[in-house]
Amino acid sequence: MSSETIVTPGRRLGLLEEHDAGAGTYVRSGMIYSSILGTKTITTSETSEKPIIQVDRKSPLAIPSIGSEVLCRVIRMNPRAASVAIMMVGSTPCQEDFMGTIRHQDIRSTEKDSVQMINSFRPGDVVRAEVISLGDQRSYYLATTKNEHGVVFAQSTAGNTMIPVSWEEMQDPKTKAIEKRKCAKVF
Amino acid sequence: MTSLILSPAEQDFITRGVEGGFRADGRGSLDRRQVTLRTNMISQANGSARCRMGHLNVGTDVLVGIKAEVNTWTPGEPDNIGSIVCNVECSPSAAQEFEGRGADELNIELTQLLDRILNGPQSGICLEKLCIIPKQAYWVLHIDALVLDVKGGIVDTLIWATRAALLSTKLPRVVVESIEDEDGNLQSEFDVVDDAEDQIAVEGVNNLPLTVTFNQIGKRYVIDASEQEEAATQARITVAVSPSMDICAVQKSGILRGFSPSLLTEILHTACKIAREEFSRFKDTFAAVLSNQSSNEANTGSTFLGAF
Amino acid sequence: MATNAMDRRRINGPQRTVEPIYSKDTDPFASGRKDSRSLDQVRPIYMKTGPLSTQANDLSASSAAAASGSAFYEQGNIRVSCAVYGPRQGRKSNTRMGSFDCDFRYAPFSCSWKKRSHVRGADEKEISLMLEHAIAPAIRLDAYPKACIDAFVTVIESDGKSATIAAAINCISAALVDAGIEMYDSVAACSMGLWESQWVADCSQAEENVSSSTMIIAYMPSADEVTYMLQHGKTSPDQTDQAVQTCINMCTRVYAVLCRGLQASISE
C-alpha cells in the first residue's frame, strides 16, 4: 500500500508524530522534509508502528560510512597493509573509486601477530570487507575480521578463477594448485 | 577562516553562551575588542596605518600602505577619474596554513571585498579629484594590505586600517599648465611638486565607510568574533556603512547556514546603529593617534612597535 | 605608447592614432525596459537537467568518471551549464562533514565587451567562492562525511554580471538535485539593480551599466533562509530592506519554476 507523488528537495512530507522518516528525507523541527527529487512513498511495515515516508529515485549515491560492507579490489600491497579501491558500498556501485586500506592487524580476529599479508591477499583480488574507520586523509580503513569477509574472487598464477577450499586456502580447478588467501565464508 | 577545530563541547559552550548573551572574554555580543591604531609609520608610502583588534598577544593585526602613482591614460579607460587598486595579502607569519598558496582564497575574498567597498562612488572618495588631466594622466592609489596576525574579525580590522591609512594619505601637489600649440589645440602638461611640505589630502576620505561583521552562532550573532567564536560561526555577514548612514556594501559568507529574512533585516538595522558608535570611536582613536604622533616626531623602529 | 616594443613581423598600426567615437550609453529605461518587462519581472527561464552524459550504474565504466548530475539553464540571453561530480573521495581532511567545491568559469566568448582570457581570473575565483557560500548551506554535508562534491559551472553567454551569478546559483542547484545529492532545499537566486531609487529586477548588461548599485540574494523558500546576499553600491537602509523583501519574493517565484522543471524531468 503506497501513495505516489513527485517531490522536490525541501517539500514538506508529513509530521514526525505520525510517520517515520525513511531514505531521502530529513527531519527539522518535528516535520519530515524531502531531501532529494523523487517519488514520495508511504509504506507500513510490521517492525515499526508508524508508517514510513521515503523518497525514491535512481539508486542512491554510494558513500562508505563506518560499518558499511564494501566490495573492493586490491591494488597494491606491502607487508603491513594492502591498498584497495572500493568499488561498491552495500549493493550500490560507486561513481568513482574510494581508496581504502586493510592493515595486517585487521585481516582476521585471532592470532593477529602471525598474519602474513602475502598469505591473505594478492593484487587483483576482489575482497568483501567492512569499514571500521573513516581513516586518514587518503583512505578509509577496512577490516576482514568477520567470517563472511575476505577474498570472494581471485585468480591463480596460471590465470584461472579459483574456488575456496577452506577459510584460508583457494584452489585452481585446472592445475589443482593451492594458494593461500583469507577467504570469505561462502553463503 | 583559520583551521582551528573546535571540539563539540567547545562549540556547544560558545553557542549557548552567545545565545544567552555571554562571551568567553566578558564582552557583550555587540562589543568590539580594544583597538590599537598607528598611522604614518612607513616613510616610503604616501599613507600608512596599522590596526590591531584585540590585546597585545592575541589579536588581529593589519598593516596598510598606500602608494600613489601617476598613470598615463589609455583609450578605453574612463575619461576623467582616477583609480584605486586594492590588494590584500595574508602573511604566512599570521598562520601556518597561509604558507605557499594556502592564503589564495582568503586573499582573493578580502581583495574583492575591499575593492567592492572602495572602488566606486559608494566609497565617498572623490575619484574625479584623482584625475590630473582628463584623457592624459590620473592618480592611481595602490592600497596594499598585509595581514600580520589573524585572531578573528579580519574584515573589520582591514577596513579600520584602510580608512586610517587613507585619512593619513598625502598626495604631492600637481601643477597643470595649459599651452596652445600652433594648431590652436590646448596642450596640457603637469608637474609633480616635489616638496614634502606641499602635499594635499585625498578628497572625500571622511566619507569612507566602516564595516560591521556579524557572526551568526546558534540563534544569535556577535560582532568582532574571536578566533574561537569564528570557528563556531555558522554564517557571517559584513555590512559596510557610510558616515551618512547609508549601506555601501553587504556580503554574506560561510558555508554552514543562511540567515532567516527577519534576522537579516534585524542585522541590517543593528549594523547602522553600531556604525554610528563605530564612527565616533574611530574619530576619537584617530585623533588620539595624531596628537600622540605630533608629540613624538621621530619615526624609528621603536615607534613602529611602540603602540603595540 | 608601445613604440619601444614594436613587432616588425606584424602589420603595425599607424604611429599617430585617434580615438574612435564611442556611442553614448543610451538610457535603457527611457521608454520602459527594452524587452517590455515590468520592473519586477525576471526574464523567462528555460531549464533542462541531465544534458551531459551521466554514468550508467555498472562497474565497467568506473575508470572514466562521468558527472553524477548536470543542468543547463537559460534566463533571457544568459546561458549557463553546470556539471556535478561526486560524492567522491575528498581532498580535504574534514572527516565530520563533506565539502563542496565550485569552479566557475566564463567561456572565452561569453562576454559582450571583450574576449576573456583562458586563465582563470580573480573575479572568476571570487565568484566560485560566492557560489560555494550560496549553495553549501543547502547541501546536507553531514550526510557525506569525508567526501567531496564538485560543481563545475561554465557561463556560455552572460548578460548582466549579477544576473549571471544568480543564474549560476540556480543552475548548480538544479544540477545538484539532478545528481541526487541530499539537500535541505534547493536554492533559488535573483538579482536586482538600483536605478534612480527604483529597484529593477534581473538587470541585463545595459541596464546594469546604468544602475548605481546591485544586489544578489540566494534564498531557500522551504527552509526560509537567505543563503547568500551581496550588495554592491550605496543605498539607504530602507532601500536595502525593500530590496531584500522584493528579492525574496522573486526568488520564491524562481523556485517555483525550478521545482516544476525538476518534477517534469523525472515524470517523463
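Keep in mind that glycine also has a Cβ here, set from the backbone N, Cα and C atoms.
Any TrEMBL annotation is an automated prediction that lacks curation.
Per TrEMBL, the feature compositional bias 'Basic and acidic residues' maps to C:1-10 (among others).
The region 'Disordered' annotation in TrEMBL covers C:1-36.
According to TrEMBL, the compositional bias 'Basic and acidic residues' annotation covers C:22-36 (among others).
According to TrEMBL, the domain 'Exoribonuclease phosphorolytic' annotation covers C:41-182 (among others). For the domain 'Exoribonuclease phosphorolytic' (C:41-182), the model's average pLDDT works out to 84.
The domain 'Exoribonuclease phosphorolytic' annotation in TrEMBL covers C:186-245 (among others).
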Using DSSP three-state counts, the residues of the domain 'Exoribonuclease phosphorolytic' (C:41-182) come to 42 helix, 46 strand, 54 coil
According to DSSP, how is the domain 'Exoribonuclease phosphorolytic' (C:186-245) divided among helix, strand and coil residues? 15 helix, 29 strand, 16 coil
